[in-house]
Each structure stands twice: as structure tokens, then as C-alpha cells.
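Q: Please see the structure below; I have some questions.
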Amino acid sequence: MNKNTWIIGFTLFAIFFGAGNLIFPPNLGLDSGHYFWPAILAFVLTGIGLPLLGVVVGALDKQGYIGSFNKISPIFSVVFLVAIYLTIGPLFAIPRTASTSFEMTVTPIINISSPIALFIFSVIYFAVVLYLCLSPGKMVDRIGSLLTPALLITIIAMIIKGFMDFGGNPSSHGTEAYTSTLTGFSQGFTQGYLTMDAIAAIAFSMIVVNAVKATGVTHADTIFKQTAMAGVIAAAGLMFIYISLGYIGNHMVVSPEKLKDLAAHDQNVGTYLLTTIAGTGYGEFGKYLLGIIVALACLTTACGLVVSVSQYFNSIFPKISYKAYVLVFTGISLVLANLGLNQVIQLSIPVLMILYPIGITTVLLILMARFVPMKPIVQQFTIIVITITSLISVAVAKEWIHFGAWSKLPLASNSLEWFPIAIVAVIIGYLISLGAKNQKPIVYEKE
């Protein structure tokens, strides 16, 4: 494993590690009580395993997901990838990183949420993002060599003090949702799945594949191996932090009255736990330490998203330069971070909920086609079925339609009703493919 692989792995860790990844584990730890270990291991399985799988599968074809999706359908490739990149990019996640950074770094210091302060902060924030993203090759090196070590040092400093301050306490009592090893595993599995990091893996995979290619690697098998190793490095870092923060949260004591007060003021329990960990360990400096961690986590994620979105649109509309796309998407994100972000989020979340099962299903289908001969019609049929399933699931969840029987589907309580449907669709798709004599099994490009 060479130096470049480590740098790419550190970069992948940093761009995956957004502020949300800090909040989930301690909250899970507090809620899981005596069933912490099955819960956190299941959380790691879906919260890290699915994104890692998404990154690695993107390297099966030399052209990444663009090449793999084109083999399913060129129209599907463009429509689905454009929807993903816009939704997790300038229309949702990128502006959210700026507003989250502001809320966690500046607001606690000035004690007010000022629109002018947000504007000044976001201009500086996106100026840094722009500087880092104009040269994607240098971005990987700067994040992997400089920002990731800084992020790790600050997180580890908080974790060490957290262990010292709370590690000796007994486990929390947990909530009623965690009553056995099985329910602990089920809850952790669902919460890891609902982080939706797997959809970001489709976008971030392009950064890793391009970074590996930039080192001079051209053969698909070598690109795949280098991508997999970088993914393992990123996964190991995420696993350490998830388990550590979850363990600390599991040994914290929060009174029922405090939890009710947080709920009454619409405050996130995970954010409260992190603030408590930092404040108990480092006093007044703790809020600055946590602010630095959140700012670095958000900044690296924003850079990864801007580069991913810009590289993709440059690949399908090459007449516009990569740098022009960076400027446009950074500018849109700056505007949305200051104006109407809540409305955009309300629109983006249902879209993400629709795209997520389609994305995971497609990743699994591509992986299957690597080992089992599969004609395009199998993937096409399955994706059509899951798209319809996804649309119905979101419509039912948002109460746009009333379909009582839908909640009785297998795994519906875990938001995974699409999975058994996908299995049935693949089987039917294979039966249909027997009559598709004019189609040949999918072959991924290696040279």
C-alpha cells in the first residue's frame, strides 16, 4: 500500500465524515442502553458497509458509475446521476454544510443567529471551498495530507477526554425501542441505513477513481484494488470514530426531564451530547474545539461534493470547463445557504428518499453482474419495479396517498420494504431475460 493510497483513503474518510456523522453515534449509544454492541455493530454494517460497497462497486468499470449505468440504459444513467448530483450537491447538502458550520461555530460565540453574520461567514467558507476545488488533483492532496490529519487530531482529542470523563459510568438505561439483542441490531441497522451515506458513495466514487487514475494506473483491475484499499482506510477511520462516540454516549447520563426539554425546544439530542462531551472535557474551549471539528468535517464534505458534481457535469457537457462548473455550483450553494434553504430541503428530502433504494439496488445489481452472467433487461426490469416501489413508499410516508396495506409489507417498519421486492424482481427479470435472445450479458470495461 503506497503513500498515494493512504492520501486518497484519508481524503475519502474526510469527505464522507460530515457533521451528521458526529451526531448519530452518541445518540445511538444513549438510546441503546445495555444493547449497545449489537446496535453499534449493525450501525457500522449499514452506515459504513453500504457506502464502502458503493465506492468499490463504482470502480468495477474503468469509466466508473457512468460506464456501469450506461450499460443498463444511457437514459437512466443521465437522469439518475443528474438527480443524485443535484440533490446531494448544490440543491441540498453543499449549502447545508455552510449553514451547519455557522450554527456550530459562529452562533455559540456571538450568541445570536444573524443573517449578516451568516452571509459573511458563508462567503469566506465558499471562498475556501472554491480555492480547494479548482484543482481536483490538488484538492485530494490538500485534504488527505493537511485537513484530514487536523480533523483526526481534534476528534481524537475530544474522544480521549470523553472516555476519561464518561467511560467509567455504567451503561445508560436506553429507550423502549431497545429491548433485546435482536431489537438492538435492528434499530442500529435501520439508523445506519437511514444516514443515506450510500447515495453519496455513488458521487464520491468518481473522485477516488479519478485520483487513482491520476497516479498513472490505467487497468480496471488495478483501479479496483487501489479504490478498495482506499475505501478500507476510510472505513477503518469512520468505524473507530463511530464506535468511540457511541460508547461515550452509551455511558452518559441524561435525565428524562432534560430529554423532554430538548424535545420541547426542538433541539437535537446528538448535538447536546457532543456539546456536553466537549464542554465537560475542555470547559469554555470545548465549544471552540467542537466548532473546529464541525467546520473541518463540513468543509471537506463540501469540497468532495463540489468536485464530484463538477466532474460529472463536465463529463456529460464537456464544452463547459470543469472550473466553470465549480464556480457555478459554489455560487448556487452560497445563495441557497443564505436564502430559502428550508424550502429546498423540504423538496430535496423526498427526492433523496426516492433515489436511495434505487441507488442501493443498482449498486447491488452491478456487483451481481460482476460474478453472475446478467443481461441488461434484468437490471432494467428490477430498477423499474424499485422506482415504482420507491415512489409509493415516499407517497405513503408523506401521507400523500393512503395505502394501509403498505405498512404490512415485510421489513416496512425498517424502511426496507423495497428489499424483498427487489429480490422478487431480479428473479422475474432473469426469467424474462431467457427470452431476450438478442441481448448479451453485461461485460465491464477493463482497458
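Glycine is no exception: its Cβ is also placed from the backbone N, Cα and C atoms.
Annotations per TrEMBL:
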- 7-24: transmembrane segment (TRANSMEM)
- 36-60: transmembrane segment (TRANSMEM)
- 72-92: transmembrane segment (TRANSMEM)
- 112-134: transmembrane segment (TRANSMEM)
- 146-164: transmembrane segment (TRANSMEM)
- 198-216: transmembrane segment (TRANSMEM)
- 228-249: transmembrane segment (TRANSMEM)
- 288-310: transmembrane segment (TRANSMEM)
- 322-341: transmembrane segment (TRANSMEM)
- 347-369: transmembrane segment (TRANSMEM)
- 381-398: transmembrane segment (TRANSMEM)
- 418-436: transmembrane segment (TRANSMEM)
Q: Near the transmembrane segment (36-60), which residues from the same chain, at least 6 beyond its ends, have a CB less than 8 A from one of its CBs?
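A: Distant Cβ neighbours of the transmembrane segment (36-60) are 12, 16, 24-25, 28-29, 68, 171, 178, 181-182, 184-193, 195, 197-202, 204-206, 208-209, 212, 220, 223-224, 227-228, 230-232, 234-235, 238-239, 242-243, 246-247, 250, 359-360, 363, 366-367, 370, 444.
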Q: Sequence-remote contacts (6 or more beyond its ends) of the transmembrane segment (146-164), Cβ cut-off under 8 Å?
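A: Counting only partners 6 or more residues beyond its ends, the transmembrane segment (146-164) has Cβ contacts under 8 Å with 10-11, 13-14, 17, 237, 241, 244-245, 247-248, 277-278, 280-282, 286, 289-290, 292-293, 296-297, 299-300.
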Q: When you check the transmembrane segment (228-249) against the transmembrane segment (7-24), do you get at least 3 Cβ pairs under 8 Å, counting only pairs 6 or more apart in sequence?
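A: Yes, since the transmembrane segment (228-249) and the transmembrane segment (7-24) share at least 3 Cβ pairs closer than 8 Å, they count as touching.
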Q: Suppose I define contact as three or more CB-CB distances under 8 A, residues 6 or more apart in sequence; do the transmembrane segment (288-310) and the transmembrane segment (381-398) meet it?
A: no
